[in-house]
Amino acid sequence: MNAEKSPVNHNVDHEEIAKFEAVASRWWDLEGEFKPLHRINPLRLGYIAERAGGLFGKKVLDVGCGGGILAESMAREGATVTGLDMGFEPLQVAKLHALESGIQVDYVQETVEEHAAKHAGQYDVVTCMEMLEHVPDPQSVVRACAQLVKPGGDVFFSTLNRNGKSWLMAVVGAEYILRMVPKGTHDVKKFIKPAELLGWVDQTSLKERHMTGLHYNPITNSFKLGPGVDVNYMLHTQNK
C-alpha cells in the first residue's frame with residue numbers, strides 16, 4: 001500500500017508524502033535523516049507538557065505524527081495518544097516501534113479534517129508539529145485542530161517563518177551545507193509567517209497564549225528555545 005491508495009482528500013500533497021515514505025524505514029535512526037527531530041524532541045515535549053499543565057491522564061492527538069517520535073514521548077508521559085498521518089510507510093514504522101517499545105499509541109491513516117468530522121471536541125491536547133508547511137491548505141488544518149480540542153484544551157503548532165534568514169538556515173544551511181535533513185525537504189514558498197498563522201488562529205475558537213523560537217547553534221551543535229521567531233517557532237493556543 002502507498003500514499004496514493006489513502007483516502008482521497010483535497011488537503012493532501014502526495015509529493016510531500018512520498019518524500020517521507022522514501023526514508024520512513026530510517027525514522028528511528030538517531031544518526032539518520034531524522035536526527036534533528038530526535039534532537040529537538042525533548043524541547044518540544046517539555047514545552048508542550050509545561051504549557052499544557054502536564055500530559056498525564058490526558059487525551060492527546062498528534063497531527064502529522066510521521067514515525068511517532070513525539071507521539072511515543074507523550075505516551076510515555078502518561079497521555080492517551082492518537083497519531084494521525086497520511087503516509088502509510090511512516091505509520092507502519094511508528095506502529096512497529098511502539099510495539100517493540102511497549103508503548104500504546106493509536107495510529108490512524110486519515111487527514112485531520114476527516115478526523116475532526118468524527119471526533120470534534122474529544123481531545124485535551126492537539127499537537128501539529130512541522131506539518132503545516134507540507135500541506136496545500138494549512139489554514140484548513142488549523143481550523144480542524146480547533147474543532148478537535150475540548151473547551152479549555154490546548155493546541156500547539158510549530159512551523160518555519162518565511163523570510164530570507166529562514167531560507168538560508170533551513171534550506172541552504174540545513175539541507176545543503178550541514179546536510180542535517182535531505183535535500184528537497186523544505187520549500188520556502190510554503191513556510192508560514194507568524195502573522196499568517198495567528199490570523200488563521202483568530203478565525204477559530206482558539207486564542208494565542210504563547211510563542212517561542214527554536215534556535216540552532218552550529219558552533220555548539222545544540223538547540224534551544226527562546227525569543228526570536230525568525231526561523232523555527234512554536235505557538236501555544238487554547239480553546240476559548
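Just so it is clear, glycine is given a Cβ too, placed from its N, Cα and C backbone atoms.
Secondary structure at Asp85 (S-adenosyl-L-methionine binding site), as computed by DSSP, is coil. Swiss-Prot lists Arg44, Gly64, Asp85, Met129 with the feature S-adenosyl-L-methionine binding site, giving sequence analysis as the kind of evidence.
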Using a Cβ-Cβ cut-off under 8 angstroms and a sequence gap of six or more, which residues of the chain neighbour Met129 (S-adenosyl-L-methionine binding site)?
Arg44, Asp62, Gly64, Leu70, Phe156, Phe157, Ser158, Met234
So the record assigns Arg44, Gly64, Asp85, Met129 to S-adenosyl-L-methionine. If I measure every Cα pair among those residues, what is the longest distance in angstrom, as a whole number?
19
